DNA sequence: AGGCCGTACTG
DNA sequence: CAGTACG
DNA sequence: GCCT
């Protein structure tokens with residue numbers, strides 16, 4: 001301490017005495033309490049290094065209040081160079097001299113001190129938001145110098161939306177990259193072939209987007225075992241091979257990606273650039289925003305358990321959006337460009353990125369009943385009202401509930417298997433359950449088809465439950481249900497596979513039952529898994545696939561989109577000619593437009609087109625979301641992203657369907673509401689299916 | 001200011 | 001009907 | 001919470 005102090009004095013002494021005096025007398029800096037002096041021991045050199053301009057003077061004073069020392073002249077003691085926003089690295093070098101600038105000097109922009117003060121902590125200096133940009137002028141030109149994934153986002157404010165996907169390609173293939181696998185060819189011409197990609201692709205094409213899309217498309221081609229998947233989607237029966245298969249593939253590709261990325265991550269000290277993403281994990285590459293996502297997820301759970309439905313949804317939307325980002329989102333500006341993230345969430349994202357904490361979250365844990373509420377709501381068939389009621393009745397633990405509370409039969413089962421039902425199911429086990437059911441189905445009727453849905457179909461490595469779609473060509477619901485309920489399910493019980501039925505449409509309308517929820521366990525396992533069967537008439541297969549593939553956020557979005565287009569989408573089909581009243585309440589049932597073809601439904605909604613790639617391959621693009629980017633990359637799926645629109649693709653690789661969705665469905669919905677008759681959409685389609693009133 | 005998916009099962 | 005659930 |  002004393003040493004540092006003398007250090008300061010020394011610097012002061014170096015400064016012209018007058019100024020020194022001036023500083024102490026005239027300014028009379030009001031030092032903050034010691035423990036608030038986050039800058040203590042630091043020596044700031046501002047650029048320009050004067051306090052003539054009022055804003056800068058303000059910043060300097062503020063920094064001093066928090067313990068920083070202002071070096072009036074350049075000195076060896078300077079620790080931080082605080083650069084005005086309008087200056088570039090070239091200006092810094094000019095002003096200070098390249099020979100004087102040492103790697104130990106921290107060069108940050110003017111936002112650094114106030115941000116540190118706000119969060120009351122010394123923030124990491126390498127964050128993007130604090131960077132001083134290279135090059136004489138703002139703009140994309142600066143790009144030539146930098147690995148491409150850094151530069152485009154740095155200078156511009158509105159880079160984000162369109163880049164979401166592109167970054168996947170960019171990360172995989174930086175410009176200065178030579179060790180790209182030979183298979184991936186950069187083929188500029190390819191883009192033309194997918195022109196129809198998204199509706200508005202031509203509208204607002206940023207300067208970089210062409211090549212980014214090129215890159216992506218090139219990768220698709222290159223990685224393409226594409227042709228084989230194009231045949232028929234979804235009814236892919238054999239899932240047996242896959243689990244480990246796909247994971248291996250994923251691993252491999254991720255390693256490649258990581259390796260490449262490390263090249264572009266190299267810090268260029270001279271330019272004060274360091275890549276923000278220290279995706280070090282070496283083991284598995286995770287979403288760079290994982291930490292942020294975790295925190296927001298906790299917030300979502302918090303709002304869920306206090307019954308704030310809409311906030312919960314907003315947080316979950318934001319999480320879904322963040323999961324698709326390949327870049328670390330560290331700043332408000334970055335975050336706010338993402339659909340579904342507004343000002344308030346953007347601030348939280350930034351706070352998490354900077355401080356690794358969320359103050360709002362910490363302030364939520366105060367209610368003593370909160371952990372209990374959380375505990376109770378973890379029980380299958382227990383929501384907020386029931387959990388609250390139990391707490392009000394004085395129950396404090398699961399044991400209390402078991403012995404004293406009034407439980408429905410299903411709730412008791414949920415209680416007895418509390419841990420089972422909350423634990424994640426490895427993908428391989430999901431497949432194992434599916435295989436057992438599939439086999440039983442085949443024994444009953446060889447023509448039955450079974451598709452694994454849910455997060456598994458979206459490519460997740462583990463799932464919360466097992467979702468199985470069961471159908472049969474040309475069959476009605478009654479036929480399928482009969483086979484299952486009368487034959488397959490009893491057999492599976494007898495086999496000891498099924499453990500219990502939870503929601504089986506038994507008591508009510510014996511008629512229209514379409515789902516069977518229950519629990520199953522693999523032979524030799526004590527762990528019960530939640531398993532959901534969906535009985536689907538052949539004519540509704542496509543709609544059911546969309547529904548059961550999800551995720552829920554996506555389903556709500558696409559259904560909202562449909563409603564804006566005077567249509568209605570549910571698990572049975574897509575209907576047109578819907579009339580709605582006051583609050584969008586439905587007045588007419590509408591007429592069925594499509595139910596059997598998943599693809600056709602997307603098409604009618606304007607969310608899907610077919611694209612022909614150079615070389616004769618083609619890919620189908622569908623709108624889905626909730627797919628992890630890793631899945632996408634390993635699945636060789638790709639999409640181009642366009643502002644306010646999406647394009648997305650699904651391709652069935654092995655038995656996994658990979659989907660991507662970059663469309664901002666909400667925005668599309670709004671647009672749709674305006675020009676319902678315009679078919680700006682179906683650029684790549686001949687049958688827009690748009691006009692709801694044919 | 002006001003909407004924010006559409007449905008199935010249980011009691 | 002409310003509650004819970006499904007994606 | 002976000003969006004119109």
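Residue positions begin at 1 at the first shown residue.
Here the Cβ of each residue, glycine as well, is placed from N, Cα and C on the backbone.
Within the set A:225-264, A:265-304, A:305-344, the record from TrEMBL flags A:225-264 under the feature region 'Disordered'.
Just so you know, the Cβ of residue A:348 (active site, nucleophile) picks up 23 other Cβ atoms within 10 Å once every protein chain is counted.
Across the domain 'BRCT' (A:34-130), the prediction's mean pLDDT works out to 90.
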